[in-house]
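J.: Annotations per TrEMBL:
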- 1-27: signal peptide (SIGNAL)
- 35-143: domain 'Ig-like' (DOMAIN)
- 149-243: domain 'Link' (DOMAIN)
- C195-C216: disulfide bond (DISULFID)
- 246-339: domain 'Link' (DOMAIN)
- C291-C312: disulfide bond (DISULFID)
Amino acid sequence: MQGRISLPTLCHFLLPWAFTTFHRALGDSAPHPGPHYLLPPIHEVVHSRRGATTTLPCVLGAPPPSYKVRWSKVEPGELQETPILITNGLHARGYGPLGGRARMRRGHRLDASLVIAGVRLEDEGRYRCELINGIEDESVALTLRLEGVVFPYQPSRGRYQFNYYEAKQACEEQDGRLATYAQLYQAWTEGLDWCNAGWLLEGSVRYPVLTARAPCGGPGRPGIRSYGPRDRKRDRYDAFCFTSELSGQVFFVPGRLTLSEAHAACRRRGAMVAKVGHLYAAWKFSGLDQCDGGWLADGSVRFPITTPRPRCGGLPDPGVRSFGFPRPQQAAYGTYCYSE
C-alpha cells in the first residue's frame with residue numbers, strides 16, 4: 001500500500017538512533033563531533049618561564065547567542081578543578097590566588113584566551129577553557145609547561161626523612177616545588193641519575209636511573225624506577241624539586257666563612273644566602289660555573305659545574321656538586337649569595 005513503511009525500512013532508520021541513545025545512557029565514549037563553537041588549539045602545550053607573561057589560547061569559531069567562558073586549572077593528583085576566571089564576553093571576574101594575575105586577552109570579539117602575568121612555579125599544569133551556553137557545554141584543554149631544572153633534595157638529618165607534605169614544604173623552602181612525573185622524566189633524558197627515591201607532586205615515589213647498577217635497583221633497563229603511590233602521611237622518602245629561571249642573580253663570595261659569617265657577607269652586599277633552588281637555576285639558565293664550595297641557606301655546601309675538569313668534583317658530567325652539611329661553625333667555605 002502506498003505511503004506505508006515496511007518493518008525492515010523502519011528498523012533501518014530507528015536502530016542507529018537506538019544504539020546512539022543506549023551508548024550515551026551508559027556513558028560510552030561514542031565518537032563526538034568536536035566543539036561546535038570553540039576552535040581546537042593548534043598547540044596543546046604552551047611553554048613559558050617563571051616571571052614571564054604567557055597566553056593560553058582559546059578562540060570561538062562563532063559566538064553563540066548567549067554564553068559564558070570559564071577558565072579553570074586541573075589540580076594534579078586531585079579530582080578537582082580550581083576556578084580562575086569567568087567572563088560573559090564583556091565583563092570578567094577572577095578567582096583564587098591566580099585570578100589576580102589572570103585576565104582575558106580580548107584581541108578580537110571571538111577571543112577568550114587567558115593571559116597570566118608573572119608566571120610562578122605553581123602555575124604549571126593543565127588548564128581548561130569551557131564554553132557554557134546553556135545547551136551543550138564545550139571545552140578545550142591546554143598544558144602550561146615551564147622550562148626548568150629538577151634537583152633531588154634531602155635534609156641534614158639524612159635520606160628518607162620526608163613524608164609527602166614535608167617534602168612539598170621542603171621544596172618550597174628551597175625556591176622550588178615538588179616535581180611532576182613529566183618534569184622528572186625530562187630531567188632523566190637530560191642526564192639526571194639518582195639512586196634515592198623521592199616524592200613527586202602526584203603523590204608517587206620514583207627515582208631516575210641512567211646506568212643500572214647493584215646499589216641502584218639492580219640490573220635492568222635505564223629509566224624511571226617506581227615505588228608507585230605511597231601513603232602521604234606515613235611513608236618517608238627524599239624529594240624531587242623543580243625550579244625555573246630566576247629574576248635575580250647568584251654570585252660567589254670567596255673566603256673561609258662559618259654559616260653565620262656567610263649570612264653577614266651576603267647582607268653586606270645587599271643580598272641573601274642563596275637557596276638550593278637558586279643555585280640550580282643559576283647553573284641551568286645562567287651557566288654559573290664555580291669550582292669552590294659555598295654555603296647555602298639550608299646549611300649545605302655546594303658548587304655548580306658547567307664544564308667538568310680535573311680537581312673539580314671528579315665527575316665527568318655537568319651538575320651541582322655537594323659537600324653535604326658541614327658543621328655550621330666550620331670556617332672553611334665561601335658563600336653563594338642571591339640578589340633580586
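Please read every residue number as a count from 1 along the shown chain.
For all residues, glycine too, the Cβ spot is worked out from N, Cα and C.
Curation does not apply to TrEMBL; its annotations are automatic.
It should be emphasised that the depicted structure is a prediction, and the values quoted were computed from it without experimental measurement.
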J.: Who sits close to C216 (disulfide bond): which same-chain residues at least 6 apart have their Cβ under 8 Å from its Cβ?
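T.: Set apart from C216 (disulfide bond) by at least 6 residues yet with Cβ under 8 Å, we have C195, Y207, V209.
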J.: Please list, in sequence order, the residues in the chain of C312 (disulfide bond) that are at least six apart in sequence and whose C-beta is under 8 Å away from its C-beta.
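T.: Listed in sequence order: C291, I305.
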